[in-house]
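Chemist: Got these off TrEMBL a minute ago, pasting:
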- ARG24, PRO25, THR26, GLY32, ASN33, GLY163, GLU164, ASP165, LEU201, LYS208, MET209, SER210, LYS211, SER212: ATP binding site (BINDING)
- ASP151: L-tryptophan binding site (BINDING)
- 312-339: coiled coil (COILED)
- 25-33: motif ''HIGH' region' (MOTIF)
- 208-212: motif ''KMSKS' region' (MOTIF)
Amino acid sequence: MLKCYLQRESELVVKKGTILSGMRPTGALHLGNYFGALENWVKLQDDYECFFFVADWHALTTGYEDTLEIKSNINELVIDWISAGLDPEKCTIFLQSKIKEHAELHLLFSMITPLSWLLRCPTYKDQLNQLKDKNITTYGFLGYPNLQAADILIYKAGFVPVGEDQLPHLELTREIARRFNFLFGEVFPEPQAILTKAKVLPGTDGRKMSKSYGNTIALSDDPDTIRKKVSTMVTDPARIRKDDPGHPEVCTVFSFHKVFNEAELPEIEESCRGGKIGCVQCKRNLADKMVKYFEPIHERRQKILEKPEMIKEVLHEGNKKAEEKAKKTMEEVRSAMKIDFM
């Protein structure tokens, strides 16, 4: 396995390889985002050379008509990342649109990618159906897997953390790398998936946690807001009185206890089924555990907010490091394609 050796404070740090991942700046991160990806990123940064990027160009694929909030969302996203534990000393955090080489490689990939590869992408068909109220029949939306491939391959990432639903996207990136290498010689690795075993949390109303449903708990929510949202969570509809026997398997609160209160789970389940604890008290217990769990994240967030220039500095340094690596890759690409004319 390829290893990268980095020198930091006189200590030799052995890295297992390069990882690339990113998120679109579409608003405050919620617990689904945290447990679905961010929690894993924090762990990976200790063992891999990690590049994490704010995918502002990708945000335009479905939001090109309303770009006003992207700038503020970029700052909020990076604040959430660092609050959650991403360390700019351990990983590279950068803004996609500041690294112009992404666009160049995307263009070159678009010259060699068969249209049929893009049309068969399952997400393309799914989102066309889901977002019928938006005009997304654009090349930008159809061709976003090409941009995604450029994002990954320009850093020669050997690994990409993904959920199982994203495996078709990564396989397309591998196919594009394979086709380029066949046509022009070996330049790119075929990145492997690091499957993320995500904890799944429903929204406060029991549906999928989603900003569009208004049922999220944000990473930036303060303790009072967390308690208020927990108090509104949907519970077992058949349980009317405190001493009625409950059914934890249909209770949103119990789903959260599985994540935040695992040690007491058997006792909670027994008390619920036996009608020994009411839903109000069960929610209070959960809120206490959640507030304690997120205390370090809130403390880090407060320190960041006290240094308003910090995010700009983090992105500036990350952009420089990312650009250096991207430029080197593009020199190899142009040379391989025999288009380094001058």
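For all residues, glycine too, the Cβ spot is worked out from N, Cα and C.
If you look at the structure here, what lies around each of the features I listed?
Modeler: DSSP classifies ARG24 (ATP binding site) as coil under the three-state reduction.
Secondary structure at ASP151 (L-tryptophan binding site), taken from DSSP and collapsed to helix, strand or coil, is helix. Counting Cβ atoms from all protein chains shown, ASP151 (L-tryptophan binding site) has 27 others lying within 10 Å of its own Cβ.
Averaged over the coiled coil (312-339), the predicted model reaches a pLDDT of 98.
Residues 26-27, 30-32, 201-202 of the same chain sit 6 or more residues outside the motif ''KMSKS' region' (208-212) yet have a Cβ under 8 Å from a Cβ within it.
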Chemist: Who sits close to THR26 (ATP binding site): which same-chain residues at least 6 apart have their Cβ under 8 Å from its Cβ?
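Modeler: Same-chain residues close to THR26 (ATP binding site) (Cβ under 8 Å, separated by 6 or more) are ALA59, GLY63, ASN73, LYS211.
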Chemist: Are there residues of the same chain, six or more positions away from MET209 (ATP binding site), whose CB falls under 8 angstroms from its CB, and which are they?
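Modeler: Once residues fewer than 6 apart are set aside, MET209 (ATP binding site) is near HIS30, LEU31, GLY32, LEU201, PRO202, GLY203, ASN215, THR216, ILE217.
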Chemist: Using a 10 Å cut-off on Cβ-Cβ distances across all protein chains shown, tell me which of the binding-site residues (ARG24, LYS211) has the largest neighbour count.
Modeler: ARG24
